[in-house]
Amino acid sequence: MLRLSNAAVITTNAILALIGLATLSFSIYVFVHGPSQCQRFVQNPLIVTATLLFFISSLGLIAALYGSHIIITLYLFFLFLSILLLLALSVFIFLVTNPTAGKAFSGKGIGHAKTGDLQNWIGNHFLRGKNWEGITKCLSDSRVCKRFGPQDVDFDSKHLSNVQFGCCRPPIECGFESKNATFWTVPETATVAMVGDCKAWSNTQSQLCYACESCKVGVLKGVRKRWRILLLFNLLLILLVVLLYSCGCCVRNNNRVPWKRRFL
């Protein structure tokens, strides 16, 4: 059991350290060569996460290899903080992606220490001001809509994501006619007034329906869907960190055993 705990900590932390180092190297490479608009959204969080992952994993490796009681204690402390942060992040993601739960916990608290508008947090944070400007630039630079070319005349039958349906084509209620996937015209018999999203639509590939409310709705649904996937990943990560913490506790207890007996 003693050797198994050491082997589990060494192997897992070695893999995590390599992942953290590779991610950090990639982030620095992108930063040096100039990130795209989309990459700017994840660049700083990615660098911070990769640095912490490499640092904590390196602590675990050193502690397991050299049996340092101080380092393994420090390692366990950071793992414990990681568990708390991941739990808090998981609860937050659940509240902001679940309208019912978000509404129930919005404005709760004592005195001035109250939660904000959790139900509409994603919309308020991503769909306004500079954040939304950055998202529209990212959509324009990416291949979200560019994957559809002029030859794609059967545009409506394609399986579109929420973002593609809201941002890459005019709303259905506008009644526009598609010449192909990239060009839509207003029919002569149109009865809908060209206002709102119908007026915001443009056949220019850098604009399309990025200024439409339907695009914001599509992005909001897309963010919620991906954050729910992130929540599942977060829960699995918590399980992994708890297992690492348990093995780390065994390694820490092993340090109290004489060195020769530890490896018998």
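Note that Cβ sites are derived from N, Cα and C of the backbone, with glycine treated the same way.
Worth saying up front: this structure is predicted, and the values here are computed from it rather than measured.
Here's what TrEMBL has on this protein:
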type	residues	note
TRANSMEM	6-32	transmembrane segment
TRANSMEM	44-66	transmembrane segment
TRANSMEM	72-96	transmembrane segment
TRANSMEM	229-246	transmembrane segment
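Most Cβ pairs under 8 A with the transmembrane segment (72-96) among the ranges 6-32, 44-66, 229-246 are made by 229-246.
With a threshold of 8 Å between CB atoms, the same-chain residues lying at least 6 positions outside the transmembrane segment (6-32) that come near it are 39, 43, 46-47, 49-58, 60-61, 63-65, 240, 243-244, 247-248, 251, 254. Within the chain carrying the transmembrane segment (44-66), a Cβ under 8 angstroms from the stretch's Cβ atoms is held by residues 6, 9-10, 12-14, 16-17, 19-21, 23-24, 27-28, 31, 72, 74-75, 78-79, 82, 244, 248, 251, all 6 or more beyond its ends. Non-local neighbours of the transmembrane segment (229-246) in the same chain are 8-9, 12-13, 60, 76, 79-80, 82-83, 86-87, 89-90, 93-94, 97; each lies 6+ residues outside the stretch with a CB under 8 Å from one of its CB atoms.
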